[in-house]
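Inspection log for the structure reproduced underneath, given as structure tokens.
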Amino acid sequence: MRSRSLKARKSRKYSSNRLLRFLRYWYIRLMRLQGHPREIARGFALGVFSGFFPWMGLQIIIAIFLATLFRANKIAAAAGTYISNPVTDLPIFLFNYRLGEFILGQSGRANLGDIFQTNQSFTEKLASSGGQFLLTLFFGCLLSATVFATITYFVSYRLVHQRYHRRQTGRKR
């Protein structure tokens with residue numbers, strides 16, 4: 001009986017530390033990237049920017065394209081897109097949609113139930129309400145992506161710069 005409870009405690013402890021281990025692993029990977037701290041921070045911020053848009057499956061491709069365009073670290077850009085994952089997608093996009101509603105001053109919510117209750121064809125109904133939905137989502141995504149990418153740039157630059165500076169002073173000894 002005692003061994004079973006000890007085993008259960010170890011299992012709970014391991015599961016609670018899994019997230020911390022995962023985050024630490026990616027933090028170390030980011031810190032070990034080669035390149036100037038500005039390039040790495042710029043790449044990570046571009047990845048976060050791309051990750052805030054609902055381009056499922058294209059986020060990494062767009063982030064790498066932006067990293068190439070802005071001369072940023074492509075690996076950091078790809079890593080930054082993981083802000084959007086199956087666990088965070090719904091909360092991010094719901095927040096972005098509500099933010100878009102606030103920006104555009106929309107008081108009424110888009111009711112997708114109305115699509116099924118009129119006499120128009122399904123595609124006509126979806127196109128008529130979908131355009132407004134996508135516009136609202138796009139403006140919310142644009143604002144939140146810009147804000148979070150800017151914050152990400154400065155935070156990641158500071159972290160990577162400290163690591164880079166420590167690495168440089170360590171070599172001079």
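Using the three backbone atoms N, Cα and C, a Cβ is placed for every residue, glycine included.
Unlike curated entries, TrEMBL annotations are predicted automatically.
Here TrEMBL flags 20-167 as domain 'DUF2062'. According to TrEMBL, the feature transmembrane segment maps to 40-66, 133-157.
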Note = Secondary structure split (DSSP) over the domain 'DUF2062' (20-167) reads 115 helix, 0 strand, 33 coil
Query = Across the domain 'DUF2062' (20-167), what does the pLDDT come to on average, as a whole number?
reply = 84
